[in-house]
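Under the heading active site, nucleophile, TrEMBL lists Asp117. What TrEMBL records for Asp175 is active site, proton donor. The annotation substrate binding site is assigned in TrEMBL to Asp117, Asp175, Thr235, Arg247, Trp251.
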Amino acid sequence: MAGISLGTAACSSSEQTQATELSASESVASFADASIKEAAAQYKYLMSRLPQDRLPKTYHAERDELETSGSEWWTSGFYPGTLLYLYEETGDQALYDEAIRVLGLLEKEQHNTSTHDLGFMMYDSFGNVHRIKPSPAYKQVLLNSAKSLATRFNPKVGAIRSWDSAPEDFIVIIDNMMNLDLLFWATKETGDSTYYDIAVTHANTTMQHHFRPDNSSYHVINYNPATGEVQEKKTAQGAADESAWARGQAWGLYGFVDAYRETKDENYLQQAQRIADFTLHHPNLPQDKVPYWDFNAPGIPDALRDASAAAITASALLELNLYVGETKKKEYLQAAESILRSLSSETYMAAPGTNGGFILKHGVGHKPAGTEVDVPLTYADYYYVEALKRYKALAEKEQA
Ligand code: GLY
């Protein structure tokens with residue numbers, strides 16, 4: 001497979017430099033193929049270890065224990081979503097059949113109004129299967145999920161409530177940007193603009209209050225639910241209230257790229273670029289571009305890395321590059337390629353038959369709580385496979 005041309009503006013007079021760039025990107029494309037094959041084999045191993053009524057969450061190597069969850073946990077959509085991506089890339093029916101089996105466990109969450117995570121849970125699972133093999137039944141599950149999510153919107157605040165807490169608090173986390181795609185989809189399917197309006201209002205409120213002057217974002221904003229005023233700006237999963245939690249930056253980037261795709265509002269594109277530029281030019285971003293779990297983590301350079309933040313960032317950049325001019329396009333593509341090279345190396349990608357069947361090692365879930373620290377994570381795998389798939393699609397388009 002041919003690689004993606006990174007542009008020749010900087011080397012138009014040098015055929016040799018151009019050839020080097022192309023051959024470098026060619027090798028990324030071919031290891032994307034190899035990584036997808038390995039990932040599919042790993043997920044068949046994970047599948048073989050999974051209890052029938054549970055979903056994978058993480059793996060504890062020291063006791064060879066797969067940690068699982070029920071369908072209500074926020075990560076429940078990633079396992080079937082990853083299986084579906086891998087099925088699309090390999091054509092392996094066993095992966096598809098396993099995804100369909102698991103969707104049966106997940107289906108009841110369409111009526112869950114106690115979480116904002118329905119985008120992650122339902123759009124990454126049912127959304128993908130409906131994209132691949134559309135059916136009225138999947139569509140209904142997705143529409144019910146969008147309705148459930150919309151119940152959490154407060155027009156006074158202009159946002160969807162993330163976590164249920166004390167009635168005088170209204171907590172919105174940056175992660176919530178990731179749930180808007182389900183709402184955009186619902187308006188496209190039904191013609192009912194309510195969902196679109198909620199998504200846009202949420203994105204605008206987030207843009208107004210979540211970001212600092214340096215374009216990093218707070219993890220948590222606590223609004224007054226009666227007046228919409230900001231009561232607190234803080235963290236839950238980051239190192240400190242004023243720090244830049246790495247996955248939060250990645251969720252924001254990905255979410256604003258989504259919002260731009262669906263609205264074509266230039267403000268969202270600019271916000272996405274500001275986040276990308278904060279991340280890629282941060283002095284604490286390591287050379288392999290896999291960030292520390294927090295850009296301000298104590299102990300840098302010995303702090304833990306978060307492969308999930310890297311995977312989400314790579315996938316987002318592989319879409320963002322489509323919307324920007326040549327110079328930025330080249331920068332974002334190169335950064336995404338660097339991340340994919342790093343994640344596909346033995347430092348981060350598990351050897352076949354290890355890691356409990358998860359694809360990537362070294363994710364950080366919730367460091368301050370001491371949970372899921374330096375472990376595999378379903379969402380690291382999902383966005384890594386998505387990024388590989390996006391990379392291959394770009395390379396194929398370039399070739400056509
Ligand atoms: N949405 C939770 C997380 O990113 O850990």
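For all residues, glycine too, the Cβ spot is worked out from N, Cα and C.
Bear in mind that the values here come from a model prediction, so they are computed numbers and not experimental data.
Sequence features, as recorded in TrEMBL, placed on the structure.
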residue : record                    : DSSP class
Asp117  : active site, nucleophile  : coil
Asp175  : active site, proton donor : helix
Thr235  : substrate binding site    : coil
Arg247  : substrate binding site    : helix
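Among the recorded positions Asp117, Asp175, Arg247, the residues whose Cβ sits under 6 Å from any atom of ligand 1 are Asp175, Arg247. Within 10 Å of the residue listed as 'active site, nucleophile', counting C-alpha to C-alpha distances, fall the following of the recorded positions Asp175, Thr235, Arg247: Asp175. Recorded residues Asp175 (active site, proton donor) and Arg247 (substrate binding site) have their alpha carbons 8 Å apart, per Cα-Cα distance. Within its own chain, Trp251 (substrate binding site) has Ile174, Asp175, Met177, Met178, Ile312 as residues 6 or more apart in sequence whose C-beta sits under 8 angstroms from its own. The Cβ of the residue listed as 'active site, nucleophile' has 23 other Cβ atoms within 10 Å, all protein chains considered. Between the candidate recorded positions, Asp175, Thr235, the densest Cβ environment within 10 Å is the one around Asp175.
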